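Q: Copied straight from TrEMBL:
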- A:73-281: domain 'ABC transmembrane type-1' (DOMAIN)
- A:20-45: transmembrane segment (TRANSMEM)
- A:69-97: transmembrane segment (TRANSMEM)
- A:118-138: transmembrane segment (TRANSMEM)
- A:144-160: transmembrane segment (TRANSMEM)
- A:189-210: transmembrane segment (TRANSMEM)
- A:262-284: transmembrane segment (TRANSMEM)
């Protein structure tokens with residue numbers, strides 16, 4: 001009888017503890033979501049007033065007191081594409097090498113440690129490094145090329161990491177299954193492993209793109225133009241970029257009353273672009289996964 | 001002459017002595033079952049025959065394994081060619097995320113065969129050989145994942161058969177399958193044994209008795225007993241074997 | 001798994017040993033009743049034969065269950081198979097006891113000529129059979145192969161007495177023409193006792209198969225002879 005009572009009490013206490021814990025978790029997640037919504041709402045409310053077709057498609061005028069942000073959008077796009085061209089092949093290949101070819105050696109452990117450290121370096125340091133290497137040493141000058149390479153460097157650890165993780169998640173039995181049929185390692189990677197890892201790799205790539213599109217510091221010294229109404233014509237030209245434009249408007253404007261709304265508009269466009277990129281990541285991931293299942 | 005011959009095989013994972021002085025000879029078109037408790041080395045031994053253990057770093061093999069008289073660990077041996085000749089079926093069905101057709105065609109394609117007509121012929125022949133053709137002939141372009149677990153496993157067997165191996169290694173091929181699928185796989189083994197030399201690792205004693213001609217019992221990295229299956233299961237010569245197969249273990 | 005399989009094996013073993021005792025009692029009782037044609041004892045044997053049959057059915061079922069439920073292999077499988085066959089042999093021996101009981105009842109209380117009994121070596125035959133039954137049971141109980149092997153030699157004695165019994169009875173029938181029918185029936189008793197000996201050698205074969213997995217059945221007489229010699233030499237040493 002006593003035993004039974006004890007177990008009943010114990011059960012009640014456990015239930016209470018569980019309820020308290022779950023309620024706490026629920027409230028905390030609610031708070032986080034609320035904060036996110038407040039930020040979004042703030043930017044939308046402040047920025048929506050200037051957001052219209054002209055704002056997106058025309059260059060700034062009147063010393064950035066009027067007009068739109070078209071060159072900054074284009075510049076950001078160029079920088080994203082440029083850094084992707086540099087970081088994706090390099091990062092994916094390194095990831096493949098590290099997971100498929102040399103996943104046990106000491107060298108790989110070292111490389112992995114270094115990429116992790118690279119990911120932790122503040123972006124302004126990348127900016128400085130990019131300036132001294134690409135702008136000055138290679139003589140690219142302040143240019144889309146230098147900016148893209150610097151941003152690519154920033155994205156590289158992220159790409160390597162996601163590729164590695166994506167490949168690691170594929171069960172070994174698929175590699176063995178392919179090798180057991182007389183396929184070479186390269187054939188196995190190309191025909192089996194990469195297609196299977198693609199959904200996760202692509203997601204990682206696009207998230208890296210999102211990260212790149214929002215960075216200011218790395219392009220500060222390597223590429224970004226303070227004010228450049230015309231579009232860049234070659235990779236050696238400077239360009240404007242959304243985050244930097246936002247920074248300039250907010251910190252060194254000459255007419256705050258006119259420029260602050262433009263800054264919010266810029267922020268809104270940037271947020272929308274990043275949001276869109278993330279949605280695209282999800283959509284592509286789903287697409288590739290379905291393709292794997294049904295093809 | 002024996003098809004497969006293992007002489008004084010020792011195998012180390014790092015400092016772990018996984019296989020100890022194993023000698024075994026397997027005749028052509030024989031089905032040999034490897035039994036033994038987990039970690040006894042039977043899978044490790046199986047994976048030596050197609051050099052699957054090469055993938056594991058820090059391992060060492062001593063002794064000699066020959067297939068058709070050729071030392072398969074000789075420098076001159078092309079591992080990819082060896083694996084074409086020594087097919088393997090794994091514990092869990094592992095079809096590639098491709099269509100049923102492409103799964104079977106995979107082995108041919110990676111081996112450089114481009115002739116689509118020939119590939120189609122081989123795909124059909126292999127699927128028929130694996131007793132799967134009638135079930136999948138109308139959905140060859142469908143994903144292999146649309147098949148049931150048992151069908152997937154038979155697809156994997158067909159996939160292995162497509163590259164015309166002479167030896168088939170099966171690592172617990174039915175352990176993830178329901179009894180009916182298991183029965184089909186076993187029936188398949190019975191049917192294809194006339195064309196292949198088959199080595200099957202199994203934890204299921206009844207499976208060993210049903211499908212194999214000979215049974216090898218491994219314990220702690222040693223080959224304790226290797227004899228005709230009916231001899232092993234009616235009158236094993238070693239005490240350890242008897243204890244293991246009657247469930248009086250350890 | 002170990003423990004309850006062993007429990008099952010112990011159960012079957014106990015059942016078969018009990019049946020052995022039962023059949024032994026039947027045989028002893030019926031043989032004791034022969035010289036004086038004790039009808040009552042014979043009736044007892046007839047009645048208890050039903051118990052032998054019931055035991056046989058029960059054992060059949062139990063061994064069948066064991067085979068189905070535990071899928072025994074190796075020594076367990078041999079044990080189950082041996083028990084099945086031993087069961088059948090014991091039941092047959094029980095049947096012989098029943099046949100002899102019917103012979104006794106047919107005699108209707110008439111004592112058998114003691115002189116004939118002596119000439120025909122009935123007691124020797126009966127002792128031989130009972131001794132073999134005891135020895136075979138012990139061989140299983142102690143899992144003693146040499147004990148089981150010794151039975152083949154003992155069976156030879158029964159064959160010999162049985163063969164001689166034909167002449168003795170033929171002579172006796174000549175001397176007592178009124179007892180020809182009795183002689184023919186009495187010969188039947190010897191035949192049954194001799195057959196009992198054969199079944200006991202079957203039991204011995206099954207015991208050896210169970211313990212050693214050696215198939216003695218239908219092996220040439222030569223091997224049996226060699227074994228008999230070997231066991232005799234062993235006895236000599238002892």
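Note: Cβ is positioned from N, Cα and C throughout, glycine not excepted.
On this model, are these features tucked inside or out on the surface, and what's nearby?
A: Sequence-distant contacts of the transmembrane segment (A:118-138) (same chain, six or more residues past either end, CB-CB distance under 8 Å): 145-147, 149-150, 153-154, 156-158, 161, 215-222.
If you look at the transmembrane segment (A:144-160), the same-chain residues 6 or more away from its ends with a CB under 8 A from one of its CBs are 75, 78-88, 90-92, 94-95, 98, 115-116, 118-119, 123, 126-127, 129-131, 134-135, 138, 204-205, 207-209, 211-212, 215, 218-219, 222-224, 232, 234-239, 241.
Non-local neighbours of the transmembrane segment (A:189-210) in the same chain are 80, 83-84, 87-88, 92, 95-96, 100, 155, 158-159, 161-163, 165-167, 169-170, 174-175, 177-178, 183, 274, 277-278, 280-282, 284-286, 288-289, 292; each lies 6+ residues outside the stretch with a CB under 8 Å from one of its CB atoms.
Remote same-chain residues near the transmembrane segment (A:262-284) are listed as 40, 43-44, 46-51, 55-56, 60, 64-66, 69, 72-73, 76, 199, 202-203, 206-207, 209-210, 213-214, 242-243, 245-246, 249-250, 253 (criterion: CB distance under 8 Å, separation of at least six residues from the stretch ends).
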Q: Sequence-remote contacts (6 or more beyond its ends) of the transmembrane segment (A:20-45), Cβ cut-off under 8 Å?
A: 264, 267-268, 271
